[in-house]
């Protein structure tokens, strides 16, 4: 299905500038102003995710709405329900008739106190459980799922399980998904050092927050000496994920090869050929079943896609068009 091409002004086309601007205080302030009412009306809810796990989410569901159409949004690693890209898409969808549930993964969005166990990328079951709880608790049958980066990987895995769920999503939207975590780590370690240091800093800060609530974890002293993602992965993965080594863990949520072959829900992957985090070559290594479409822009960096000097996101337009087209096709 054709979508308007992404053609940002030349002055903000640069891959690193797109990334920096997309998470800048300037953009966050613009979003806060443009979506002031939406943010004021958000309600933080606690969702029962199964096996005693609780996840937090922000819900916007105006009482005047009667269509009961929900968009579930999943953030990236060390992001949250209030990340700029999440607020941007959420505000767009809310302005066009959607209720919006912005889920926080375990240990994200200042929720370290809710569960003793540490977050890891294989915790799909609790994400499914939290969404199912929300659908039942707030009485939704019609919903879509959208994710960014690691959240986009979760969204695709959700799509693979979708047809077996009591209430399946009608569509899946996936922005710059992590497809091969091993390749993503190599990119983070070998590209502009700011990217790796950004995630090291955020991950360490998250683990320090975990220690505030569960001080008996023994990694406190080790954490101080870790300065790279490789060091952190090699320490935490075999100790806290149930996987014996980094390679096995990464393979457990890799989506290249035939992994997506059985995807049977209308799904759109949006990516950028200049993404500094996920190699574009990975997108050429995925199965492409009939209901999966891949839209690759020449530029846009990682989950940025800023289309103008007002720092609006092209991805928001594509998501809305995709969801509307899917509704019309049903």
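Yeah, the Cβs are placed from backbone N, Cα and C, and that goes for glycine too.
Features as listed in TrEMBL:
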| type | residues | note |
| --- | --- | --- |
| DOMAIN | 72-306 | domain 'AB hydrolase-1' |
| ACT_SITE | 149 | active site, charge relay system |
| ACT_SITE | 275 | active site, charge relay system |
| ACT_SITE | 302 | active site, charge relay system |
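Annotated features, which come from TrEMBL, shown on the structure.
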residue	record	DSSP class
149	active site, charge relay system	coil
275	active site, charge relay system	coil
302	active site, charge relay system	coil
- Task: Quick one: pull the CA-CA distance for residue 275 (active site, charge relay system) versus residue 149 (active site, charge relay system), whole Å only.
- Result: 11
- Task: Summarise the model confidence on the domain 'AB hydrolase-1' (72-306) as a single mean pLDDT, whole number.
- Result: 98
- Message: To see if you understand the setup: which same-chain residues, six or more apart in sequence, place their Cβ under 8 Å from that of residue 302 (active site, charge relay system)?
- Response: 19, 149, 176, 272, 275, 276, 277, 278
